[in-house]
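So TrEMBL lists these for the protein:
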- Asp27: active site, proton acceptor (ACT_SITE)
- His55: active site, proton donor (ACT_SITE)
- Lys155: active site (ACT_SITE)
- 26-32, 54-56, Arg320, 346-348, 429-431: GTP binding site (BINDING)
- Asp27, Glu28, Gly29, Lys30, Asn52, Ala53, Gly54, His55, Thr144, Arg158, Gln239, Thr254, Arg318: IMP binding site (BINDING)
- Asp27, Gly54: Mg(2+) binding site (BINDING)
- Thr314, Val315, Thr316, Asn317, Arg318, Pro319, Arg320: substrate binding site (BINDING)
Amino acid sequence: MNILNVLRTLKEDFMSVSVVIGSQWGDEGKGKIIDLLGQSANFTVRYSGGDNAGHSLVVGNQHLALSLVPSGILNQDATCVLGNGVVINPKTLLDEITQLNDLGIKTEHLRISDRAHVILPYHILQDQQQERELSKLGKPIGTTNKGIGPAYMDKMQRIGIRVTDLIDYSILEEKLKFNFEQKKRLIDEDLWNEMPTLEQIIKEYSHMGVLLAPLITDTTDLLNTGIQNGEKILLEGAQGAMLDIDHGTYPFVTSSNPTAGGSSIGSGIGPTNINKVIGVAKAYVSRVGEGPFPTEQLNSIGNKIREKAHEYGTVTNRPRRIGWFDGVMMKYVSEVNGFTDLVINCLDILSGIKTIKICTGYKTADGKIIDYYPASDKLLQAMTPQYLSLPGWSEDITNITSFDALPQNAQNFLKSIEKITKVQISAFSVGADRSKTIKINDLW
């Protein structure tokens, strides 16, 4: 073994970088798992999305709904990072910082990538215009109208404004002048009339740059230095893998890559430095907005789960669509992300349901049974799910503290998921509070 191999082996033994990925369409309870793991992390990192991706945290009597600040902010001993892959609305960010400070939660340990892109007022108007036009055609995407897609579009067209530009007045002014004229030609007049003036935008965003300046840094260097020092780094995905721009239910997706591959791009941490990829799922499936949903339950079961679990969007408050656990989708997502571990949340919500179902295949319009996830949303809409039916359990499981304490039928449900996905379940939850998350295996 040469010296390079020795050094590589030592590095692998030394490093600890874990990624937490939502493995459905978002709202899987990632925030709670991130909060739990974040207690022993040196860094917690958000690497994709923007303020369209809400996450809820419950700590004692405090209920926090955040959409930009990473879930790991509650760990005052860790550096909390917004990576280069995030698109940042500085107004939202400053509002969340104020909200946290008012609750007595310090935010001096927050760091913002100087390479992250900025959402501006015209991005929000572009979002509204596109959704309006698609709605007229009967093809709405169901966007949150937060300007996420248009901000990423500017990034790809190389005309985006980055966080580093907010702290350089002359650069900010130059770029905004150019973009302002471009956007004026693209946005309908009735919407454009809602825009602040160019001078107002320059003044406001320059001022926000001054307020955020102490937090802005080269986070790629910061994180890689942490890896070299053997520190624990937790990468937290926003939304869910099935909303990924490449691997999700296109076009009903987000504009970024919340999958494991996106964690490297959006944080600046190389993929060989990541040693745990943790998929988080509910014991059932939920979805907000439009798009195919093969296992959706438009019946009393769906309504019962929605009300019991209070399934309403964190950002939009829209009622979430509810369906049975989709094993075909989970197997696909596990392969795309290379999950090393699974966490199953909301197991307690299924208590009291006589028969619980897991989708194990889809029947096509011509009667063929498939066990893979097709790319075509048209095909997905026409699929009939094929279910494995399992006996449920009537016991209240909210106070159990181990896997062995679960009713046998609940254990069988979790074992069935493991068998389908070929990924070990390393934790499950039986309630909203972090203390209700039961570990089976180490997640670091």
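Just so it is clear, glycine is given a Cβ too, placed from its N, Cα and C backbone atoms.
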What's the CA to CA span in angstrom from Arg318 (IMP binding site) over to the residue listed as 'active site, proton acceptor'?
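About 12 Å separates the two Cα atoms.
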Quick check for the class: what is the C-alpha distance, in angstrom and rounded, between Thr144 (IMP binding site) and Val430 (GTP binding site)?
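A Cα-Cα distance of 30 Å.
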What does DSSP call Pro319 (substrate binding site) in the simple three-state scheme?
strand
Count, for each of the binding-site residues Gly26, Gly29, Gly54, Pro319, the other C-beta atoms lying within 10 angstroms of its own C-beta, and report the residue with the smallest count.
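Each of the binding-site residues Gly26, Gly29, Gly54, Pro319 was scored; lowest Cβ tally within 10 Å is Pro319.
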Given the recorded positions Lys32, Lys155, Arg318, Arg320, which one's Cβ is surrounded by the fewest other Cβ atoms within 10 Å?
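Comparing Cβ neighbour counts within 10 Å for the recorded positions Lys32, Lys155, Arg318, Arg320 gives Arg318.
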According to DSSP, does the residue listed as 'active site' sit in a helix, a strand, or coil?
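It is helical.
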I want to verify one value. Collapsing DSSP to three states, which class is Thr144 (IMP binding site)?
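Coil, per DSSP.
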CB neighbours of Val430 (GTP binding site) within 10 A?
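Excluding its own Cβ, Val430 (GTP binding site) sees 24 Cβ atoms within 10 Å.
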Going by a 10 angstroms cut-off between Cβ atoms, which of the binding-site residues Thr144, Gln239, Asn317 has the sparsest surroundings?
Asn317
How would DSSP class Gly54 (IMP binding site) in three states?
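Once the DSSP labels are grouped into three classes, Gly54 (IMP binding site) ends up as coil.
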Restricting to the chain of Leu347 (GTP binding site) and a gap of 6 or more, list residues whose Cβ falls under 8 Å of its Cβ, or answer none.
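Those within reach of Leu347 (GTP binding site), by Cβ under 8 Å and sequence separation of 6 or more, are Ala283, Ile397, Leu406, Ala410, Phe413, Leu414, Phe428, Ser429, Val430.
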For Gly29 (GTP binding site) and Gln239 (IMP binding site), what Cα-Cα distance in Å is obtained after rounding to a whole number?
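Here the two Cα atoms lie 10 Å apart.
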Do me a favour and check the Cα-Cα span between Gly26 (GTP binding site) and Asn317 (substrate binding site); whole Å is fine.
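Asn317 (substrate binding site) has its Cα 14 Å from the Cα of Gly26 (GTP binding site).
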